[in-house]
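Pulled the feature table from TrEMBL, pasting it below:
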- C166: active site, nucleophile (ACT_SITE)
- C29, A30, A31, P32, G33, S34, K35, D60, D87, D113: S-adenosyl-L-methionine binding site (BINDING)
- 292-306: compositional bias 'Polar residues' (COMPBIAS)
- 333-342: compositional bias 'Basic and acidic residues' (COMPBIAS)
- 552-563: compositional bias 'Basic and acidic residues' (COMPBIAS)
- 579-592: compositional bias 'Basic and acidic residues' (COMPBIAS)
- 1-275: domain 'SAM-dependent MTase RsmB/NOP-type' (DOMAIN)
- 292-346: region 'Disordered' (REGION)
- 552-608: region 'Disordered' (REGION)
Amino acid sequence: GNISRQEAVSMIPPLLLNVSPHHKILDMCAAPGSKTAQLIEMLHADMNVPFPKGFVIANDVDNKRCYLLVHQAKRLNSPCIMVVNHDASSIPNLQIDIDGKKEVLFYDRILCDVPCSGDGTMRKNIDVWKKWTTQNSLQLHGLQLRIATRGVEQLAEGGRMVYSTCSLNPIENEAVIAALLDKSQGALELADVSSELPGLKRMPGITKWKVMLKDGQWFEEWKDVPPNRQTQIRPTMFPIKEEEKLKAMNLERCLRILPHHQNTGGFFVAVLIKKSPMPWNKRQPKINQKLPQRTGDTVETVTNLDEGTENITEEPALAENEESKKMQNLQKPDTEQSKKEGVCGPPPSKKMKLFGFKEDPFVFLPEDDPLFLPIQKFYALDPSFPKMNLLTRTQEGKKRQLYMVSKELRNVLLNNSERMKVINTGIKVWSRNSDGEQFGCAFRLAQEGIYTLYPFIHARIINVCIEDVKILLTQENPFLSKFSNETQKKVKDMAMGSIVLKYDPDPEKPDSLQCPIVLCGWQGKTSLRAFVPKNERLHYLRMMGVEVFKAKRKEEESEGKTEEEVECKQAQLEEGMDVEDKKHDSVTKMEAETGEESPNAPVESSAMEIECKTVDLEEFSKNANNHVS
């Protein structure tokens, strides 16, 4: 779609994280991705910096919802986002290479928006009225505490973690925070954010509450719970009784936002700051040596690498030990060879079966790859261009797409291929055009990555005026004669092939569009065309005050196109099918033979290729307020 909707109060947690462009960020329960999108925008606060030093790792336990997360994140076209698929309560520690040494990755900011009962959404979610019981919170409390605990373990000292729910039940909120603060033994503190977000109406956190069972029984203290109920109710669900300890926790620093305050949903937010290592992790893990060899000693190896391993790994069953040893010994040579070649494969197949789809590997281009030289020459790329950050998703055959990630994400990918399941990362910057070699380069520019690439491109750039931009975005195959004289002169001496079309605003014309636009295009012998996704075309045209799509839809209906055909076409565009590339190849071949451009030119897809994967959107909408797998 063209619009992303987000509850106003759900925008608060990312704002309270105080993100800077250099921060390493973990979003533990990220799907469907609206808060992740906020975090990416904060990383790119300075649009003149194509590669911020920070990055966002967005995680979700549900494999299908991860693809919804990818779809949401791809709209922002950032090389600094990675989507991974893990249980947040046992998400593995990652390693990064710092000056040739392996060190554990600690995050500067962590967003812990945990699964919750969702009773704060009762205004908009009718299911809450039908299905809500006190049992929901009792069942989720343990999971919420485990996720929050795993989060603070991976937080850097001095870092900030925001814990949030769309629930108002203290068992899901203050009880979790109190239990976390209690077992941290002073390593954590609640931040006072009363001066942040001025104008936001809020209530302080509460310090007294009771626990209620589904049948209506109330309990004030753990000692009152009968033995047969002690599996449903746990000690951490009750408020702290010691006055001094309770006062030191400062639970009133939590934020409670009630629906009537600002005519929103109900929400709870707590901001935690890590002052020192957690008491059970006083000895920070040392990973300065080489990666341990993969043998049957699985548990021992992971224990040396990960913090808080009590919830991370389970010892394999005895019957499976021999088989796992054989598999690991077989995989070991391939793994070592892959690392040498810059290949980031998926985790072991035995683990992958738990999560669904098998992912293609991430293969970084070698420094001496002959594929890159023609690209560099054709577009006159700057010597500072980070070509080592280019990757593909195939090890064999022709490389159809080239993607790009930041230097920091490259470090994460290369050092964690065996312990992390990556669903998607990087932005598409070039697409193969099978007949493009005769024009000097086999790869054409992709609109998705043009704003990242543009600062490094020094050739094949055409500056166009606002009227030329309107023609490019409203006509699929405009002849050169329709453009301004200046544009025609610039194009005249330029060879056919992929080009960059740049619009710079004129400060002397304040009524015209006052933001720069960079478009990917294709120059034929007699015409000039923009390759821009339809949604992006619509966005730019609206910015310029032009609305043409209503009329176009009417034309489509008058031509007898059914709704199914239109929906099918939109679905193809959104999924980024390779059909587009094949169509473009055939169009280019036709131009080469006839010197003209086909009127049936395809519009480039804006979504990253997700091959052989289907997403049940109805299931997502039904489970939008419930993250639990």
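In case you wondered, yes, glycine gets a Cβ from its N, Cα and C as well.
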Rounded to the nearest angstrom, how far is the Cα of C166 (active site, nucleophile) from the Cα of G33 (S-adenosyl-L-methionine binding site)?
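Between the Cα atoms of G33 (S-adenosyl-L-methionine binding site) and C166 (active site, nucleophile), the distance comes to 15 Å.
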Record lists C29, A30, A31, P32, G33, S34, K35, D60, D87, D113 as binding S-adenosyl-L-methionine; longest Cα-Cα distance in Å?
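Those residues reach a largest Cα separation of 20 Å.
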Within 10 Å of the Cβ of A31 (S-adenosyl-L-methionine binding site), how many other Cβ atoms can you find? Include all protein chains, please.
25
Validating a neighbour-count step here. Other CB atoms within 10 A of the CB of G33 (S-adenosyl-L-methionine binding site): how many?
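Counting Cβ neighbours of G33 (S-adenosyl-L-methionine binding site) within 10 Å gives 28.
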To the nearest Å, how far is the Cα of K35 (S-adenosyl-L-methionine binding site) from the Cα of the residue listed as 'active site, nucleophile'?
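Counting only the Cα atoms, the answer is 13 Å.
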Do you know offhand how many angstrom separate C29 (S-adenosyl-L-methionine binding site) and C166 (active site, nucleophile) by C-alpha?
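Each residue's Cα considered, C29 (S-adenosyl-L-methionine binding site) and C166 (active site, nucleophile) end up 13 Å apart.
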How big is the gap, in Å, between the Cα of C166 (active site, nucleophile) and that of A31 (S-adenosyl-L-methionine binding site), rounded to a whole number?
14
